[in-house]
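Visitor: Found this in Swiss-Prot, in case it helps:
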type     : residues      : note
TRANSMEM : 33-53         : transmembrane segment
TRANSMEM : 77-98         : transmembrane segment
BINDING  : His83, His182 : heme b b562 binding site
BINDING  : His97, His196 : heme b b566 binding site
TRANSMEM : 113-133       : transmembrane segment
TRANSMEM : 178-198       : transmembrane segment
BINDING  : His201        : ubiquinone binding site
TRANSMEM : 226-246       : transmembrane segment
TRANSMEM : 288-308       : transmembrane segment
TRANSMEM : 320-340       : transmembrane segment
TRANSMEM : 347-367       : transmembrane segment
Amino acid sequence: MINIRKTHPLMKTINNAFIDLPTPSNISSWWNFGSLLGLCLIMQILTGLFLAMHYTPDTTTAFSSVAHICRDVNYGWIIRYLHANGASMFFICLYAHVGRSLYYGSYTFQETWNIGVILLFTVMATAFVGYVLPWGQMSFWGATVITNLLSAIPYIGTTLVEWIWGGFSVDKATLTRFFAFHFILPFIILTLAAVHLLFLHETGSNNPTGIPSNMDKIPFHPYYTIKDILGALLLILALLTLTLFAPDLLGEPDNYTPANPLSTPTHIKPEWYFLFAYAILRSVPNKLGGVLALLLSILILLFIPLLHTSKQRSMMFRPFSQFFFWLLIADFLTLTWIGSQPVEYPYMTVGQLASILYFLLILVLMPMAGLIENKLLKW
């Protein structure tokens, strides 16, 4: 009997992507984050759908509707906190996934990498518009400050900002359109993720050594399905622990105060996952310069395949590059911490130094390390 899994048009596609997919036999747990991101996305879409059933995108009722979800809707509190903390888990997985690709040279799959960077941008945009929806103080002022950055664009800046706002300030029109964006973007992310996977399956997965593994492949199922299930269970455990024991740990107390355009919070800051970029933005004294630095902090990822100088793909056997990679991780964490601190003497200077180091590492030091290691191979 012919196996339906291999003949049915739809089943065949699923089979080739998740069941009989030839996979390197030596990929480590760092390769789990792709499936975890898929799981996060599905969880966010489902919890978001249930929240949208009770939420009202209107300035007068938005804050109350979120309170209503938490107090009056059956299990509304857990749906709301799973959604909020699910976003944090999403970004932890995203940064781990990008870090893995940087370390093991997966960025040499250029189409996959470029779509991945576009995905990162889209997820960041989704998280930003989503943060505005509860209409608390930090929602309102975060939206005001970040959208206002576009006014730094010469000539069209002010017009562009007012066009995005739908008026002369962040108001009802802004909230309504942000809700519309927040609803549609996850489905765009879903489509992009499918394309990301399509390009990845054209080449097959990379592995920790960075050496082609065509002579040693194993089927994805059962080996990696079971491994992914373990990863998923650990992710769900972490998410549930965070949600049930410390749901507001990563949140902002200011967001429990309804939005008030007449009172500015003492320290406006985004969610933790944007703090590194926010620190880079604040490090530049010039407004347009800051906006460009902010954009470049993520866009720089697109240039990484062009900056690869080493004859080896992975950093597994490259100690100099490893040193600079971990320095970059430490710098990323430093920037994240600086972004949460007030704009005053020691933090400002540390932030500026960390921002310079961030770009210096990616653009100069890591490519140089690759060249030195090439020389050492001959020596």
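Cβ coordinates are placed from backbone N, Cα and C, and glycine is handled just like the others.
Note that the coordinates shown come from a computational prediction; the quantities given were computed from them, not determined experimentally.
Describe the structural surroundings of these features, if you would.
Guide: Proximity of distant same-chain residues to the transmembrane segment (33-53), defined by a Cβ-Cβ separation under 8 Å and at least 6 residues beyond the stretch ends, is recorded for 69, 79-80, 82-83, 86-87, 89-90, 93-94, 96-97, 100, 182-183, 186-187, 189-190, 193, 228, 231-232, 235, 239.
In the three-state DSSP assignment, the secondary structure recorded for His83 (heme b b562 binding site) is helix.
Mapped onto three states, the DSSP output places His97 (heme b b566 binding site) in helix. Just so you know, the Cβ of His97 (heme b b566 binding site) picks up 21 other Cβ atoms within 10 Å once every protein chain is counted.
In sequence order, Asn16, Ala17, Leu21 are the residues of the chain that are 6 or more apart from His201 (ubiquinone binding site) and have a CB within less than 8 Å of its CB. His201 (ubiquinone binding site) carries a helical DSSP state (H, G or I).
Counting residues 6+ beyond its ends, the transmembrane segment (226-246) has Cβ neighbours under 8 Å at 29, 32-33, 35-36, 39-40, 43, 78, 81-82, 85-86, 88-89, 93 in the same chain.
Residues of the same chain lying 6 or more positions beyond the ends of the transmembrane segment (288-308) and with a Cβ under 8 Å from any Cβ of it are 98, 102, 105, 107-108, 110, 113-114, 117, 120-121, 124, 149-150, 152-154, 276-278, 280-282, 355, 358-359, 362-363, 366-367, 370.
Counting only same-chain residues 6+ beyond the ends of the transmembrane segment (320-340), those with a CB under 8 A from a CB of the stretch are 95, 99, 102-103, 269-270, 272, 274-280, 282, 310, 347, 350-351, 354-355, 357-358, 361-362, 365-366, 369-370, 372-373.
Tertiary neighbourhood of the transmembrane segment (347-367): same-chain residues 279-280, 282-284, 293, 296-297, 300, 303-304, 307-309, 321, 324-325, 327-328, 331-332, 334-335, 338-339, 341, selected by CB-CB distance under 8 Å and a gap of 6+ residues from either end.
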Visitor: Would you kindly list the residues that approach the transmembrane segment (77-98) from elsewhere in its chain, counting only those six or more residues past its ends and only Cβ-Cβ distances under 8 Å?
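Guide: Residues 30, 33-34, 36-37, 40-41, 43-44, 47-48, 50-51, 66, 69-71, 116, 120, 123, 127, 130, 235, 238-239, 242-244, 247, 250-251, 271-273, 301, 332 contact the transmembrane segment (77-98) from elsewhere in the chain.
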Visitor: Measure from the Cβ of His182 (heme b b562 binding site) and count the other Cβ atoms within 10 Å, all protein chains considered.
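Guide: If we count other Cβ atoms within 10 Å of His182 (heme b b562 binding site), we arrive at 22.
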Visitor: State the Cα to Cα distance, in Å, between His83 (heme b b562 binding site) and His97 (heme b b566 binding site), rounded to an integer.
Guide: 21
